Amino acid sequence: MDKLTIRDVDWQGKRALVRVDFNVPMDGETITDDTRIRAALPTIRYLLDHGASVVLMSHLGRPKGERNLKYSLRPVARHLQALLPGTDIRFAEDCVGEAATAAAQALPSGAVLLLENLRFHKEEEKNDESFARQLAQLGDVYVNDAFGSAHRAHASTAGVAKFLPAVAGFLMEKEISVMGGALANPARPFVAIIGGAKVSDKIGVLKNLLPKVDALIIGGGMANTFLAVQGHTMGKSLVEPEAFDTARALLQQAGSLGKPLLLPVDLVVAEAFAADAPHAVYPVGQVPQDGMALDIGPATVERYRQTIAGAKTVIWNGPMGVFEMPAFARGTIAIAEAVAAVNGVTIIGGGDSVAAVEQAGLADKMTHVSTGGGASLEFLEGRELPGVAALRDRA
Ligand SMILES: Nc1ncnc2c1ncn2[C@@H]1O[C@H](COP(=O)(O)OP(=O)(O)O)[C@@H](O)[C@H]1O
Ligand SMILES: O=C(OP(=O)(O)O)[C@H](O)COP(=O)(O)O
Ligand SMILES: [Mg+2]
């Protein structure tokens, strides 16, 4: 990587302001997968071992600029304490203002302060300059270790780098080098699998991804929008009409490139978005008016499995269904098994996708488990990520 890293800084007596991606999947106050927290530990440990104090900042979920304790990072601070026993871990109720400033100033070397959710302030996602300056006041050197958020140009991922020396953490460095290496000249067939719920967020990436891959497999919430564009009734399923034009253009692009773009042929349809909702398998086109497609069906799994089995490189982001509910986890687990069995390079990324693969016990069967979903897609697209661009170039 052509960026400075934490190895290039003398940390003795300095306060490191570190952007991490602690946007972990939660069930109430329980962290259901702590991969993203554990992935930041090498950076945190290095800084502490080299005489720094560490101020951590992150977002959690999408609280839309308002303080909402449902999205508090306090449970994450407790978990971090369990992962780093013997380390002084503190928590500040706000990421800016008096509470944050006083706590940062009082922080002795060897101690860690986690700030409350950055997205409790609308200025974060707006990349507001004065908000970025307030964050910058909390440290001497800025470290970005939040690969999972590096595709966002927010105050904590980009703006803050204007006001402090800015370097990469070990996770950021590792993600960029592993993904860059594996995908620079991918062995073929190269198959991308895309699912999940951030449809309008991620659909734009597919346009640049399609020419690079040999087949594009679409499942999960993402598939519903494509099926709707093809004229199928989707009942009460997650569908994003604002993404219809992009989906239509992609179907055309796939046709003119002669690239297989695989969509579900059957779906697991539930009567409600609930773990115990009555559900049944329906062929695409027969989803009842009041039904919700919450997983791909068995015939779809079989088709996807065949394409995956022949792949030499696979990149996967986004679960095939609402895997958090066991009744709708089958498609995701079956696809995870198919990817795990591939004799080639397999990269799975995304906070929720990684949780699903961990839950299936298949994470160590993958070549690389990335902390970034949207970030890895944009990286793969060939874009320079704003969170990386903002860091200091190696001279
Ligand atoms: N058919 C579907 N309808 C609604 N939500 C879905 C569907 N399929 C998958 N999801 C949801 O998508 C979420 C993950 O999406 P996303 O955040 O884009 O993936 P990742 O975190 O892996 O990048 C999961 O919480 C899952 O329940
Ligand atoms: O969870 C994340 O991305 P992912 O769901 O694509 O893996 C990142 O923390 C970014 O979150 P955001 O998509 O709300 O900016
Ligand atoms: Mg996610």
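The backbone N, Cα and C atoms fix where each Cβ goes, glycine too.
Automatic, uncurated: that is what TrEMBL annotation is.
TrEMBL has this to say about the protein:
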| type | residues | note |
| --- | --- | --- |
| BINDING | ASP21, PHE22, ASN23, ARG36, HIS59, LEU60, GLY61, ARG62, ARG119, ARG152 | substrate binding site |
| BINDING | ARG36, ARG119, ARG152 | (2R)-3-phosphoglycerate binding site |
| BINDING | LYS202, GLU324, GLY350, GLY351, ASP352, SER353 | ATP binding site |
Listed binding-site residues: ARG152, GLU324, GLY351. Which have a CB under 6 angstroms from an atom of ligand 2?
ARG152, GLY351
Taking only the binding-site residues ARG152, ASP352, SER353, which have a CB closer than 6 angstroms to any atom that belongs to ligand 1?
ASP352, SER353
Within 8 Å of the centroid of the Cβ atoms of ASP21, PHE22, ASN23, ARG36, HIS59, LEU60, GLY61, ARG62, ARG119, ARG152, which other residues of that chain place their own Cβ, given that this set defines the recorded substrate site?
SER58, ASN117, LEU118, GLY148, SER149
Would you find the one among the binding-site residues ASP21, GLU324, ASP352 whose Cβ has the most company, meaning other Cβ atoms within 10 Å?
ASP21
Check the binding-site residues ARG36, GLU324, ASP352 for any whose Cβ is under 6 angstroms from an atom of ligand 3, and report them in sequence order.
ASP352
Which of the binding-site residues listed here (ARG36, LYS202, GLY351) have a Cα atom within 10 Å of the Cα of ASN23 (substrate binding site)?
ARG36, GLY351
If you draw a 10 Å sphere on the Cβ of ARG119 (substrate binding site), how many other Cβ atoms land inside?
25
Cβ-based neighbourhood (8 Å from the centroid) of the (2R)-3-phosphoglycerate site, residues ARG36, ARG119, ARG152 excluded:
ASP21, PHE22, ASN23, SER58, HIS59, LEU60, LEU118, ALA146, GLY148, SER149, HIS154, THR157
Euclidean distance between Cα atoms of ARG36 ((2R)-3-phosphoglycerate binding site) and ASP21 (substrate binding site), Å:
7
If you measure GLY351 (ATP binding site) to ARG152 ((2R)-3-phosphoglycerate binding site) at Cα, how many Å is it?
15
Just name the most isolated of the binding-site residues HIS59, ARG152, going by other Cβ atoms within 10 Å of its Cβ.
ARG152
Count the other Cβ atoms sitting within 10 Å of the Cβ of ARG36 ((2R)-3-phosphoglycerate binding site), across every protein chain shown.
25
Coarse DSSP state, helix versus strand versus coil, of LYS202 (ATP binding site):
helix
Please give the greatest C-alpha separation between any two of the substrate-binding residues ASP21, PHE22, ASN23, ARG36, HIS59, LEU60, GLY61, ARG62, ARG119, ARG152, in angstrom, as a whole number.
18
Report the same-chain neighbours of LYS202 (ATP binding site): residues 6+ apart in sequence with Cβ closer than 8 Å to its Cβ, ordered by sequence.
ILE194, GLY196, MET222, ASN317, GLY318, GLY373, GLY374, LEU377
